[in-house]
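A.B. asks: Just dropping this structure here.
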Ligand SMILES: Nc1ncnc2c1ncn2[C@@H]1O[C@H](COP(=O)(O)OP(=O)(O)OP(=O)(O)O)[C@@H](O)[C@H]1O
């Protein structure tokens with residue numbers, strides 16, 4: 001990405017703050033030029049001292065040098081204030097644009113990228129641009145102005161010594177150019193990839209830490225995390241080794257200016273040492289390190305530019321992910337029925353999780369989705385809630401294609417209670433009120449009561465106002481489930497999808513969850529994903545899935561007698577239950 005392109009992309013995010021960013025570059029350049037003035041005054045002082053002039057002029061030049069340095073500092077601080085304000089705005093705008101976009105993506109896109117990677121892009125990439133605008137760009141502007149000013153001064157005082165002190169810097173610039181070519185840009189990309197892979201694996205590892213602890217450290221996730229760390233280490237060591245000769249050459253050239261100056265001084269002093277030559281030499285000895293510092297800075301600026309170019313590419317990569325389409329004028333569902341017409345969906349090309357599936361669930365019906373593991377039950381439920389769009393066919397709610405229903409209306413129409421419901425780090429009250437943000441305190445408490453949460457509130461120090469996650473306040477899986485049912489009760493959506501809602505509950509919690517669920521289900525279309533077939537006895541319609549297709553459907557009794565897949569699964573579950581009871585009886 002070219003410099004102008006990086007700048008124009010960054011300025012897109014700056015809005016009205018772009019003027020501040022530009023002001024910061026001008027102020028930084030001005031500060032750098034003011035910072036050169038003391039060198040001139042010092043040269044004048046040394047020339048006067050070596051030439052034996054009066055001390056009044058020297059004192060005046062000394063003061064002028066001090067004033068110029070102070071002015072340079074003040075202008076630099078003003079520049080930094082402007083650059084920081086612009087940088088914070090750019091980073092904030094970038095983060096909020098990314099977050100809005102991520103929220104509009106189908107759930108699958110975010111998952112396939114990896115939560116760790118996504119988090120790294122949102123935080124690290126915007127931080128890289130913040131740093132670039134706040135410090136590196138003003139620094140670049142100051143360095144370029146100072147280098148140009150120094151170049152002019154160096155050539156002005158004694159062009160021969162000037163050329164000698166600039167020659168090594170010029171050679172260093174050539175070696176830097178060789179180092180920073182397109183290959184370096186690619187390498188910076190590889191570096192960021194390795195870093196983000198490691199961060200992603202770290203997040204996944206920490207998320208699965210309980211499994212890791214249970215099964216020892218040779219589990220898959222740890223292997224992957226270790227692999228990512230090793231890849232990163234290998235990359236960094238390889239890169240450092242590859243850069244070693246270039247860096248040695250660059251640093252040696254930049255630092256060798258004194259050698260050239262000494263040689264040049266001796267050559268110029270062949271006919272005798274004059275005060276003018278001495279003061280010029282003093283000037284060059286003072287100024288030349290500044291040239292070296294500038295060249296070092298330029299090298300790091302080029303590297304920073306590559307980092308920010310890479311960060312922008314990653315941000316653009318996320319922004320390029322296609323969000324779920326939204327209708328211009330949303331249509332309203334006529335009722336709470338659900339219809340799937342020839343729906344096919346696959347997470348990856350060539351493998352369908354749902355395959356040409358058609359199904360009709362009438363409004364107010366209790367439907368159960370059953371089938372072997374991986375048969376497509378969860379995917380089907382998620383397609384109804386439009387977590388993804390099918391690649392073929394249509395999903396209709398109340399006779400309207402879900403793609404033609406406004407996002408907000410669809411969210412209001414469908415509630416999802418997940419297998420592993422998650423609560424956010426906020427009070428129980430706020431967690432429940434997320435179901436309907438406008439709900440009154442009484443309504444939230446009524447929902448908590450209907451969801452059988454009385455015992456949970458009673459044992460917490462501040463009841464519903466207790467902050468979850470703070471001071472070690474955590475809820476069990478079954479308790480979390482009941483709070484999320486309270487949220488769904490408050491939301492009161494006409495279609496309710498229950499993904500194995502009692503999967504992680506103990507018997508006490510299970511009976512409370514069942515009571516909460518029957519309260520929640522009243523008068524609603526319920527689509528329940530179930531593994532325990534005994535829990536679907538009261539369903540109006542049982543849909544049996546296999547390989548992404550509905551292979552049987554009907555009432556429980558009829559399917560149990562029919563001799564198909566459902567009857568087989570039912571028999572197996574019953575004999576497993578008998579075996580478990582017998583085993584427990586023997587161990588008593
Ligand atoms: N996020 C995902 N990315 C890729 N493939 C997936 C994803 N989720 C599910 N699958 C695959 O899609 C198929 C259907 O999975 P799905 O979770 O819908 O089945 P299920 O019947 O709900 O399974 P289970 O009863 O085990 O929860 C499986 O082959 C599964 O491996």
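Every residue, even glycine, has its Cβ placed from backbone N, Cα and C.
Quantities reported herein were computed from a predicted structural model and do not represent experimental measurements.
For reference, TrEMBL lists these features for the protein:
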- 26-307: domain 'ABC transmembrane type-1' (DOMAIN)
- 338-572: domain 'ABC transporter' (DOMAIN)
- 20-45: transmembrane segment (TRANSMEM)
- 65-91: transmembrane segment (TRANSMEM)
- 247-269: transmembrane segment (TRANSMEM)
- 281-302: transmembrane segment (TRANSMEM)
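How buried are these features, and what lies next to them?
C.D. replies: Sequence-distant contacts of the transmembrane segment (65-91), counting only residues of its own chain at least 6 positions beyond either end whose CB sits under 8 Å from a CB of the stretch, comprise 10, 13-15, 17-18, 20-21, 23-28, 30-32, 34-35, 37-38, 41-42, 45, 126-127, 129-135, 137-138, 142.
Within the same chain, residues 39, 42-43, 46, 50, 136, 139-140, 143, 146-147, 150, 153-154, 157-158, 161-162, 165-166, 169, 172-173, 176, 180, 250, 254-255, 257-258, 261, 265 sit at least 6 positions outside the transmembrane segment (281-302) and bring their C-beta atoms closer than 8 Å to a C-beta of that stretch.
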A.B. asks: Given a Cβ distance threshold of under 8 angstroms, which distant residues of the chain, six or more beyond its ends, lie next to the transmembrane segment (20-45)?
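C.D. replies: For the transmembrane segment (20-45), the sequence-distant neighbours (Cβ-Cβ under 8 Å, at least 6 residues beyond its ends) are 10-11, 14, 57-58, 61-62, 64-66, 68-69, 71-73, 75-76, 78-80, 82-83, 85-87, 90, 133, 137-139, 141-146, 149-150, 153, 157, 279-280, 282-283, 286-287, 290.
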